Amino acid sequence: MKVLLLAGGPPGEHEVSLSSARGVLAAMPHPTELVVIAKDGRWLLGEDAYEALRAGVAEQGTHPFPPPVPWQHYDVVFPLLHGPLGEDGVIQGFLQLLRRPYVGAGVASSALCMDKDLCKRVLRQAGIPVVPWVTLYKGEPTPQPPFPPPYFVKPANTGSSVGISKVKADQDATRALAEAFAWDDKVLVEQGIEGVRELEVALLGNIHAEASVVGEITYQSEFYDYETKYTEGKAQLHLPAPIPPELSDEIRATALEAYRILGVRGMARVDFFLSPQGELYLNEFNTIPGFTPTSMYPKLWQATGLAYPDLLDRLVRLALER
Ligand code: ATP
Ligand code: MG
Ligand code: MG
Ligand code: MG
């Protein structure tokens, strides 16, 4: 079985993707080749891709899209790309046109899970608790949110906390909105939960998925921002989370119900918030979670008894089974 790993992608989570790819290449129990998408959208093949992996970044690529990749030589493609174009259904649609099996969610599900606004609307409609928010489009007047600060201002379609700010007072909103609108023309202003506990669960499977143990993340920073996520030692991961078994069961069941509703395939990491008052909210779905040395998804499976290489083998097989 030959696997093709796609990594890199646009600025935002480009470096995160390459870091994820290093881990996956080292542990994948099948022959695997790498192709890198540079920040400028052009592709790097062969030795150039590995050079980009070693450098940790590729500003410029060689081949404009569509690149001369011998797609039919590979049994499965693993788009290990985070954020727009890679995690939102775009590359998934291209792989479908090529008739190549690929790891992870399909077109509609990827797009739905990537767009935090649309995803929360679907979850809310299904009765799954989500944190209140308002949606803003670029150029529109900013309404007063129907809840007090702190707010979290988020681009609708990013990950790794890229473009996200915590706003403690109304006068700081302008800067936060400008930052978020630099990444997307749709932005969420979400009610901030003070003293939040962050709980995450990993899902694996196609229509009938399995859930890992629940993990908790703690940190000293203001929130779980980019630097806290990827600087070794800045966040503490607790596996399993020190929570009552009933809460852990509720999280796993809610995540699996949402997985089914959103039509996810392959994998997802689902992020939950627990308020100090004990209210549980589903924060967001990540259909291509990080596989970096500090990433939760593989660690959650490891804590559940599934080693990293076995997890990768399962993901490849799930792609072929769909
Ligand atoms: P990921 O890297 O998990 O894909 P993301 O960029 O999709 O992250 P979120 O998970 O929505 O973004 O938010 C990033 C972090 O910001 C959260 O883990 C949390 O620390 C903080 N945060 C976001 N929304 C809220 C909220 N409503 N209340 C409290 N903290 C929040
Ligand atoms: Mg996310
Ligand atoms: Mg993400
Ligand atoms: Mg998150």
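Cβ coordinates are placed from backbone N, Cα and C, and glycine is handled just like the others.
Sequence annotations record features per position, and here TrEMBL assigns active site to Glu13 (among others). DSSP assigns Glu13 (active site) to coil in the three-state reduction, outside any helix or strand.
All protein chains included, Ser160 (active site) registers 21 other Cβ atoms within 10 Å of its own Cβ. What TrEMBL records for Ser160 (among others) is active site.
Annotation source TrEMBL lists active site at Ser295 (among others). In the three-state DSSP assignment, the secondary structure recorded for Ser295 (active site) is coil.
Lys116 (ATP binding site) carries a helical DSSP state (H, G or I). As annotated by TrEMBL, ATP binding site applies to Lys116, 152-154, 160-161, 190-198, 283-284.
DSSP gives Glu284 (Mg(2+) 1 binding site) a strand state. Feature annotation from TrEMBL assigns Mg(2+) 1 binding site to Asp271, Glu284.
The Mg(2+) 2 binding site annotation in TrEMBL covers Glu284, Asn286. Glu284 (Mg(2+) 1 binding site): 21 other CB atoms within 10 A of its CB, across all protein chains.
Across the residues of the domain 'ATP-grasp' (120-317), the predicted structure has a mean pLDDT of 97. Among the features that TrEMBL reports, domain 'ATP-grasp' is placed at 120-317.
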Distance [Cα-Cα, Å, rounded] between Glu284 (Mg(2+) 1 binding site) and Ser295 (active site): 16
Integer Cα-Cα distance in angstrom, Val196 (ATP binding site) to Asn286 (Mg(2+) 2 binding site): 19
Rounded to the nearest Å - Cα separation of Lys116 (ATP binding site) and Asn286 (Mg(2+) 2 binding site): 10
Distance-selected recorded positions near ligand 1 (C-beta under 6 Å), from Glu13, Asp271, Glu284, Ser295: Asp271, Glu284
Contacting recorded positions, sequence order - Glu13, Lys116, Glu284, Asn286 vs ligand 2, Cβ under 6 Å: Glu284, Asn286
Euclidean distance between Cα atoms of Asn286 (Mg(2+) 2 binding site) and Lys154 (ATP binding site), Å: 15
